[in-house]
Structures are given as structure tokens and as C-alpha cells.
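> This is the structure I have questions about; it appears just below.
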Amino acid sequence: MFVFVGSTVSLTAIVAAPVLTWIWANHLEPNLLKLTRLDWRLPKKFAHLHGLRIVQISDLHLNQSTPDAFLKKISRKVSSLSPDMLVFTGDFICRAKVESSNKLKNFLCSLNAPLGCFACLGNHDYATYVSRDIHGKINTIPETSSRPLRRALTSVYQSLFSSSHNEFAEEFTPQDPNPHLLSILHNTPFQLLHNQSVTLSDVVNIVGLGDFFAKQFDPKKAFTNYNPTLPGIILSHNPDTIHYLKDYPGDVVFSGHSHGPQISLPWPKFANTITNKLSGLENPELARGLFSFPQEKRLLYVNRGLGGWKRIRFFSPPEICIMRCLYEP
């Protein structure tokens, strides 16, 4: 009698691999929480920021499926980092729906920082959900006929076979911030900066921009009260907006939106290029990580975010970022 051990092992591996991948991507990695540590090397004129610790979180997309245990994990981790300042770069909710106002409020109230908590809005945070429609144009997406599969296929086709351009549908008009979300934020430690800037004790400017997809991105208005003698931290949900800020001041831009993207292949290089294109960004090379723009003397950090419409993650775990400000004479 012959026992084909090798064949049996191979068959088992073939069956087990996709099952284990599915379990990992749906149930394990979405609940991991990775910390990214960055250093901002300060020029002499900004030496007064030495030692400042800024924590960024982004893209929570809180909905009924967001586990309470995961929210507590985020809160504990942020607290353990002892941030001087906390920034949230948009997409508090999912598809313009506040599904659990108490859960969101309690989570946000569990976060704090002595210099303040600041936020901008993302494309999910307006009165109507804004994304790419079935033609690849930026448009409002009705809940009753969102056609997610067709929109996804259009997005994939555009990403792989043509360039994704930030083109608005002809009928699209600027969207107002979600009123329910605004009422929640009003009762939390977070100060929403919607095309606004604040100056903290003659130390630093904080600028928050409206979302680009919502047609609320207005840097001219946002920088009106900017103090050019001080450093500036800019919150802008969509990293594509970095190129619209060339004529404006500011030293560090925090963004999110792309989620990494949520399914990412770090190798081989061509696979990473393809998955980055699936982020839907006009500039897919900005899908995640730290970028330097020497001409503007500016840094951009694109956060992978914490959640998503679907809690699926593969080689792109949820992220908290901490940036230390360091001056070395």
C-alpha cells in the first residue's frame, strides 16, 4: 500500500492557506494596533518645540461592528504615549451615518492632551457620503443605490488601466458637515478646525482643512489667521491636497484617507505599486508613510487609519503615529 504523504500535505496547504488568510485579514489584523514613531528634526528657529509629542489617529469609521475592546485598546495606547497634542485627521464615522453616538462620544472623551485635541473632517463626515461614483467621478453616493460592487470595479479599472483624477460630477455641489457628528464633537475634548487655524500660546499654528471630496477644501480661508513667525501643523484628510498647499505656509501635514490601502502587498515591488493604485488617490505613491518635500521644507505623514467600511486588513494594520519634535544644536 502506498501513502502519498507529500500530496496530502500539499493539498492540505492549498486548502488551509486561503482559509487562514481570510481569518487573519478579517479577524486578527484589523484588531492589531501598530505604533509608528517619527522624529521631526527642528531648525533653530523652532527650537522652542523641542520635546513636544504629537499623536495622530485617523479614519476610525466607527460603526456598529467596531469592537468596544478595540476602542479601549486605542484609548489605552494613546494615553500611554502621554501626548502633548492629539490630532484626528478625519472619517470619524462611516458613510455619513452616526450609528452609535454614545460609543463615539465616550471614545473621544477618553482621549486628552494638555495642549489640546484637534480634528479635521473626512469625506465620510459630511451630511451625505461622498466618494467616486460608477463613472469614477467624485459625487454624493445615495444610501439606497450606492452600487458598491460596480463602483469598486470602476475604481479598480481606473487604478490599473488609467489614471485616477480628482474630477467632480457636473451636478455635485459642496456638502455641509454632518450635523449629528458636529453635535457630538461639541461635547468632547476635540476642537474641530474646518478651514480654520488656531495659534497655541505663541508656540505653534494648527490648521484644519475641509475635505477635498466634499468640495470644502479652502486653504485661503483656513490660513487667514496663520502666524507666519511660528511653525505650523496642518490637518488635511486627503493626501492628494499636499500639492494644493505649495503656496501656503506650514511645516508638517498629517493626512489619512487611503487606509494604507487596507489590503497591501509589500513585495514584490510591482505588487506594491498595484495595491497603492487601488487607494484611489490621484497620487498613489502617497498611499502611506512619511514624505519629504524639500522645496517647501515640509513633511507629509499619511496614516493607515484605524478602521474602514469593512474591517479587513492585510499587511496594513491599524495605526497610531507619534511624532517627537527634536532640536539638536
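Yeah, the Cβs are placed from backbone N, Cα and C, and that goes for glycine too.
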> Can you pick which of Asn123, Asn225, Asn227 Swiss-Prot lists for the same divalent metal cation 2 site as Asp91, His257?
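Of the residues offered, the record points to Asn123.
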> Check Asn123 (divalent metal cation 2 binding site) against DSSP and tell me helix, strand or coil, would you?
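It is coil.
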> In this structure, which of the binding-site residues His61, His257, His259 has the fewest other Cβ atoms within 10 Å of its Cβ?
His61
> Could you name the residues, excluding Asp91, Asn123, His257, of the same chain that surround the divalent metal cation 2 site, i.e. Cβ within 8 Å of the Cβ centre of those residues, in sequence order?
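Near the divalent metal cation 2 site, beyond Asp91, Asn123, His257, sit Asp59, Gly90, Gly122, His124, Asp125, Asp211, Phe213, His237, Asn238, Gly256.
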> Report the same-chain neighbours of Asp59 (divalent metal cation 1 binding site): residues 6+ apart in sequence with Cβ closer than 8 Å to its Cβ, ordered by sequence.
Thr89, Gly90, Asp91, Gly122, Gly256, His257, His259, Asn303, Arg304, Gly305, Leu306, Gly307, Gly308
> Round to a whole number and give the Cα-to-Cα distance in Å for the pair Asn123 (divalent metal cation 2 binding site) and His61 (divalent metal cation 1 binding site).
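Per the Cα atoms, Asn123 (divalent metal cation 2 binding site) and His61 (divalent metal cation 1 binding site) stand 11 Å apart.
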